[in-house]
Amino acid sequence: MTTDTIVAQATAPGRGGVGIIRISGDKASDVAMAVLGHLPKTRYADYCDFKSASGQVIDQGIALFFKGPNSFTGEDVLELQGHGGQIVLDMLIKRVMEVGGIRIAKPGEFSEQAFMNDKLDLTQAEAIADLIDATSEQAAKSALQSLQGEFSKEVHELVDQVTNLRLYVEAAIDFPDEEVDFLSDGKIANALYKIIDKLDLVQASAKQGSIIREGMKVVIAGRPNAGKSSLLNALAGKESAIVTEIAGTTRDVLREHIHLDGMPLHIIDTAGLRDTTDTVEQIGIERAWNEINSADRVLFMVDGTTTAAVDPHTIWPDFVDRLPSNLGVTVIRNKADLTGEDLMMTEEQGYSVYRISAKTGLGVEELKQHLKSLMGYQSNLEGGFIARRRHLEALELAAGHLQLGKEQLEVYLAGELLAEELRMCQLALSEITGRFTSDDLLGKIFSSFCIGK
């Protein structure tokens, strides 16, 4: 943990109505005396001159002083709010540096200091960056929920429950006379099952929070001339892809980023899949499979005029066999305007099958609702929180340890091994909030922040 005094511009670079310089550390009060000539009253806005070492006025504006630990970083903090011209702000930072013992802050260092001083935990610190980077209203709302501690609260409750159960198991092992057959009396099993159920709910919420932040990647795949590019255009609401009657028109990957009621969706149109001797087309098909293998969902486009089948194993078994085993597939029977099929959804052999006309737009709205449901969309997400991929990985790791602990309890009645799995679960959960986190991870997280945050 650094004890340096740091300074940075807190507002975006460039011209603006207001520009803010933020200073945090022991020398913040020295800066106030040097630049303002006095120390402003704590937590009061003070309109004054910002002066150079020779007494010349650099700018005029509002000075705010926050005495640590009652500040964002937990240290003494001084904010100088002046005019937003970049030259003026650069002059002001240069003046602050003249005080001595002050350096320019690294990206995210103010938030890192707040984390180190227990003003917020790691999920709250990450939520600051997520709030700034939010690309939709729902993402902003969810990031604010995380900033206010909604995600942290869920994780802390889980950690407390796991810790209490672990202590009970270890105490029963150390003092066997106090609890006879403690592993088979049902108390531990019931407590463990409740924790597993609670973690399942948190995982589901975190997965949705991750989708809100990062979006779901949906790849449109199928044979040439099945209508893939027409579907991309219909979902995007604009002519993003060239559409012709010539099979193989699309030879490269096309991407569109849209929002469905605040839920970000990454739509990928790919080259038609077929055997070909055309070198350029072969490259496009290889890229298509790369996108399919990293997708969250595949929309398998079928030209409804070529087959009446609905089961993808019947339509194209080689395609289905090559798909990753855990990849979800939605079958899209296209060209319903030509086949006369009813625009409806059915479940066939575990697959959702939609009949649409990408050309006319018939059935596309129903498909959008399907995609929203896959993303876990709810009309009221006021209690939702934002989540990152590392959070999902930590929750998955914690869930794995709980399942191993459950096996040790149910199959082997191994109290010591159950206690160890609970300890590992506790560590995985605590890494989410930063209670137990490596310096490398902290550096990676905070380095992605804006300077001045």
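Each residue, glycine too, has its Cβ placed from N, Cα and C.
Straight from Swiss-Prot, the features:
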BINDING   Arg22, Glu79, Lys119, Lys453  (6S)-5-formyl-5,6,7,8-tetrahydrofolate binding site
DOMAIN    215-376  domain 'TrmE-type G'
BINDING   225-230, 244-250, 269-272, 334-337  GTP binding site
BINDING   Asn225, Thr244, Ile246, Thr249  K(+) binding site
BINDING   Ser229, Thr250  Mg(2+) binding site
* Spatial neighbours of Ala271 (GTP binding site), counting only the binding-site residues Arg22, Glu79, Ser229 and Cα distances within 10 Å -> Ser229
* Just the number: how many Å between the Cα atoms of Ser229 (Mg(2+) binding site) and Arg22 ((6S)-5-formyl-5,6,7,8-tetrahydrofolate binding site)? -> 50
* To do: Could you say which of the binding-site residues Arg22, Lys228, Ser229, Lys335 has its Cβ with the most other Cβ atoms inside 10 Å?
  => Lys228
* Asked: According to DSSP, which kind of secondary structure is Lys228 (GTP binding site) found in, if we only use helix, strand and coil?
  -> helix
* Rounded distance in angstrom between the Cα atoms of Lys119 ((6S)-5-formyl-5,6,7,8-tetrahydrofolate binding site) and Lys228 (GTP binding site) -> 50
* To do: Would you identify the secondary structure of Arg22 ((6S)-5-formyl-5,6,7,8-tetrahydrofolate binding site) according to DSSP, in three states?
  => strand
* Give me the Cα-Cα distance between Glu79 ((6S)-5-formyl-5,6,7,8-tetrahydrofolate binding site) and Asn225 (GTP binding site), rounded to a whole Å. => 61
* To do: In whole Å, note down how far the CA of Asn225 (GTP binding site) lies from the CA of Arg22 ((6S)-5-formyl-5,6,7,8-tetrahydrofolate binding site).
  => 58
